[in-house]
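Quick look at what TrEMBL lists:
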type	residues	note
ACT_SITE	Asp26	active site, nucleophile
ACT_SITE	Asp28	active site, proton donor
BINDING	Asp26, Asp28, Asp194	Mg(2+) binding site
BINDING	Asp37, Asp112	substrate binding site
Amino acid sequence: MISQLIYHNICFWCIQKMAGIVVIFDFDSTIIECDSDNWVLDETGLTEKFYQLLPSTHWNPLMDKMMNELHSQGKTIQDIVQILSRTPMHPRIVPAIEAAYSLGCDLKIVSDANIFFIETILKHHGVWNCFSDVIANPIHVNEGRLNICPYHDYLKSSHGCNLCPPNMCKGLVIERIQNSLAAAGKKKLIYLGDGNGDFCPSLRLKDGDYVMPRKDFPLCDLVSKNSNKIKAEVHGWRDGKELEHVLLHVINKEIGEGNNINNSTQKVSVDCKMGPIAIDTRQPLPKALSVPQ
């Protein structure tokens, strides 16, 4: 009875400690192993046509045109769903997402992909509900075809950032998230990404935040070359296995710092339902963890 109470109180205490952590994922080549647009183009034989047209237009409206092309060929939305269900994803990505979610982190996606592709893939892998918010290019269904729209309507006005594509400045999105987190009392951001579009949001991160660039991808190179402009702590990763290891290491570090644990602190692993959690053995437990007399 007492041990069961301690078990549940420890789990509740650790989740409370993680409530201030927000983990923001890019999607393409971060959660999945490719660009979701390119995957659909490759699987439908439209890649060559797409890149022939790309020099004369922006990516976002051209993808919308490709959706119209698929519709005219008789491809249905369900056909596209089937293609998306085969999108490659490293086998450790889903456990990493589930572990961070179970620990009480607030998970979000900020992506230049479209919301339909993202939702379809995440639902296929059973982790769609792990995310509190997905910020991406919107999509509408019109008479059986997908209409892809820009997140930012650049035809009406520019977002003013020369680091980002015209349809989305991730840096501005991160600033809005930061403002909302400050109002909610949340403190830490962990940002994971790979591409050029992830550099702008990385510049907006603050002291105490973390940026996790994928090694051998453009973001990692940009962060390395502009390290004097990056305030966040940098932790690279190469594949899904390293992403899981590094992300959970950073989260565990935040659990420790949240309790003023120094490097000499001894820890034990408590096997809660969400997995092992490190607990400081040299400091008294909070009242919620005290053993009843």
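From the backbone N, Cα and C atoms, a Cβ is placed for every residue, glycine too.
Apart from the site residues Asp26, Asp28, Asp194, the chain places the Cβ of Phe27, Ser29, Thr30, Ile31, Ser111, Gly193, Gly195, Gly197, Asp198, Arg214, Phe217 no farther than 8 Å from the centroid of the site's Cβ atoms, the recorded Mg(2+) location.
A sphere of 10 angstroms centred on the C-beta of Asp194 (Mg(2+) binding site) encloses 21 other C-beta atoms.
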